[in-house]
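Structure record follows, encoded as structure tokens.
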Amino acid sequence: MPVCGCLSVVLSHAVVLLMLVLHSASGHPQTFPCRLIQRVALCSGRQLSVIPDCLPHETEEIFFDRNLLENLQDGLSRYPFLRMFSCANNQLMTVAETAFIESHLLENLNLANNELHHGHKQVAQAFRSLTQLKTLDLSGNGLSEDMVSVLVANLSSLESLYLSRNGMQRLDESTFRDLHQLKELNVERNLLFEISGAFDHMKKLQRLNLAFNCLPCLVNFEMTQLLVLNASHNSIEWFITNQNLTETFQLETLDLSDNHLLFFPFLPTNNQIRTLLLSNNRVGFYQHLANSTSSNWTTSVDYYNLGQNISNITMDLWNENLHGNLSSVEFLDLSENKVNYFPQGFIKQMPQLYWLKLRSNCLQSFSLTSEDLPVTIYELDVSRNRLTEIKASQTSKNKLNNLTHLNLSTNDLQNFPPMIFTSLPNLNTLDLSHNTVDVCYSSNYMGLSGCVEWSSMASLKQLYLADCSIQNVPSSAFKGTSLTHLELSNNPNLHLKQQSLKGLANTLQHLGIGNTGLQDFDFSPYTNLKSLNISRNSLSKLPDSLMALNLKLLDLRDNSLTTIKSEHASLLAKKLQTVYMNGNAFNCCHLDWFRTFGENKGIHVADLSEITCLDLNYRRHKVVLTDAVYCGFTNNNKESVVWYILLFVTVSVSIMGISVIYMLTFKPRMLPRVIKKKCWRPTSY
């Protein structure tokens, strides 16, 4: 009995202790698997396979991306105030029909990058409860057009729908038949080759993205309410709007870049297009072909609607007056096309044009006059053409007051009117690189062919003259300018004198004189210089004047430097942010500068992995892998001698041992005879 009594007492105490432990545990705050910020639960990337059931009842937003959810059951029913649920990048294949039955307020649903093609019909049943849904993202789910049609069949409240990276091929009027409120639709990166009538009933659609598909043409376009159309990266050869519509098209941005356009698009007669992107096509103008007398020459093309046999269109191929209204265009990008001329007055049809990009075409001449360019032009890029001539008149250039950026690089320009740029009062940036340009001497520039006058251009800040075959820069060349960037690299015969940059000491911030044969130049006056390129100049040592500058970027590539003085390295390491040094002949035994740069975390050696050095045997090694062994006897001289002695003794003993073994093995009688001859002596007894 005493034993039983003691046992009962012990058990009672244990029960009391257990209750205390449980009570204390319940007093601690519960640990959530998500991070909570007000009414937002951040549960992304937590390796979760179910929706947490311990979140606050009033949670409005749940981010559940990058988890392991495969089947969405009733986990959201605990959160009736939910307005946004993001479940992208999971493994979701099915959604229970009752998954959203309590989510009456849900407006934004993101299910991108899952596997919903497995159970799309069940998912569609679940969507029936989402009567307030405004935004839906089903991108990257392997959906066909039929699956999409089922999924969105009852989502009449949708305003934004994202279906990129799926497997849709053909869209028609039934695909989105119930989406009358849709304002934005993204179907990029599918396999679409036909979209006939798919969007005609969407009277509120404003943004349509068709990029990265296989569309062959867009004909009889009449979506007047659309603001932005992106049809880039397709196979479009024709873009033709319905010319019979009198209603004004609201389209502001049209992107047809990276297609197969042969002709300038046939735009609406009444439109508000501001941005027109046509780069990387095959656009050209063909007025010269209109008068061809060949019997087989076609002058018109007919388009037929094979589906309904109505709305047939006939267009004159060579009529250059069918471009529609261009009066509102502000940005025109025709880069990388086949344009070799512009029809008379074509660019002047755009009186609001600010940006004109004509890079990589076939233009041979260009007119820099207000008769051919709108006075609003702000940036003009005619680089990488075949220009041999720039037309200008002294009276008209003064009217291009808004022109600020001009790029004429990589052409075949040789002859310039000397004062061609001085009358552009607001020209800020000019690039003439990769042409044949000379700098005029103020005293006789009028007699030179191809030279350009730069002095007194107060607005000019950035001037690029790389690879222009310049040989001399006179002392008065940049007088009256306030250049901050001057690029003269790749003029190997340039004779740059100290007075050549006279007047730029207080303004110059970037100077490029790589591959100019530079030898002696005093950089100390240019106290505001931040970036300097002196690469490919065969420099054997750094100019001392560099140490007076507060440089942030220095390019020393492809010179003849063998080392950098310790004091120079210390100064540069404190000031520089980025340095390029590859292509020099650094000595592997004089790399103190390398260690100095490595110890200073503020400097970034951009090409560190490529820098090499030469050892005593002229073998090349990566600087980052260099060992002192390449320098011969240095501080470890005594230790190296000991190793050589030990090696010699070891070899000698080995040879002697081998000799003895040979004698004992092959001539055993010779050894006793030799020993007897050498060692035996007559005794006295």
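Residue positions begin at 1 at the first shown residue.
Each residue, glycine too, has its Cβ placed from N, Cα and C.
Residues or ranges marked as domain 'LRRNT' in Swiss-Prot (evidence: sequence analysis): 29-56. The annotation repeat 'LRR 1' is assigned in Swiss-Prot to 57-79. For 80-102, the entry in Swiss-Prot reads repeat 'LRR 2', with the evidence type sequence analysis. According to Swiss-Prot, the repeat 'LRR 5' annotation covers 155-178. Per Swiss-Prot, the feature repeat 'LRR 7' maps to 202-225. Taken from Swiss-Prot, the feature repeat 'LRR 10' covers 326-349. What Swiss-Prot lists as repeat 'LRR 13' is 400-423. If you look up Swiss-Prot, you'll see 425-447 marked as repeat 'LRR 14', on the strength of sequence analysis. Among the features that Swiss-Prot reports, repeat 'LRR 15' is placed at 457-480, with the record citing sequence analysis. What Swiss-Prot records for 482-503 is repeat 'LRR 16'. As annotated by Swiss-Prot, repeat 'LRR 17' applies to 505-526. Swiss-Prot lists 551-571 with the feature repeat 'LRR 19', giving sequence analysis as the kind of evidence. The feature repeat 'LRR 20' is assigned by Swiss-Prot to 573-596. Residues or ranges marked as signal peptide in Swiss-Prot (evidence: sequence analysis): 1-27. Summarising the annotation, Swiss-Prot assigns transmembrane segment to 641-661 and lists sequence analysis as the type of evidence.
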Exercise. Per DSSP, what is the residue tally for the repeat 'LRR 19' (551-571) in helix, strand and coil?
Worked result: 6 helix, 3 strand, 12 coil
Seminar exercise, completed: Per the Cβ filter (under 8 Å) with a sequence gap of at least 6 from its ends, the repeat 'LRR 16' (482-503) is approached by 433, 458, 460-476, 509-518, 521-522, 526, 533, 535
Problem set entry | Highest-contact recorded stretch vs the repeat 'LRR 13' (400-423), from 80-102, 457-480, 573-596, CB pairs under 8 Å | 457-480
Seminar exercise, completed: Sequence-distant residues near the repeat 'LRR 20' (573-596) by C-beta distance (under 8 Å, 6 or more away from its ends) are 535, 549-566, 602-607, 610-616, 621, 623, 626, 630-631, 634
Problem set entry | Positions on the same chain near the repeat 'LRR 2' (80-102), where near means CB under 8 A and six or more residues out | 39, 44, 57-74, 108-116, 118-119, 122-123, 125-127, 129-130, 137
Exercise. How many helix, strand and coil residues does the repeat 'LRR 15' (457-480) contain under DSSP?
Worked result: 0 helix, 4 strand, 20 coil
Exercise. Which bits of the chain, at least 6 residues beyond where the repeat 'LRR 5' (155-178) starts or stops, bring a Cβ under 8 A of a Cβ in it?
Worked result: 112, 127, 130-145, 148-149, 184-202, 209
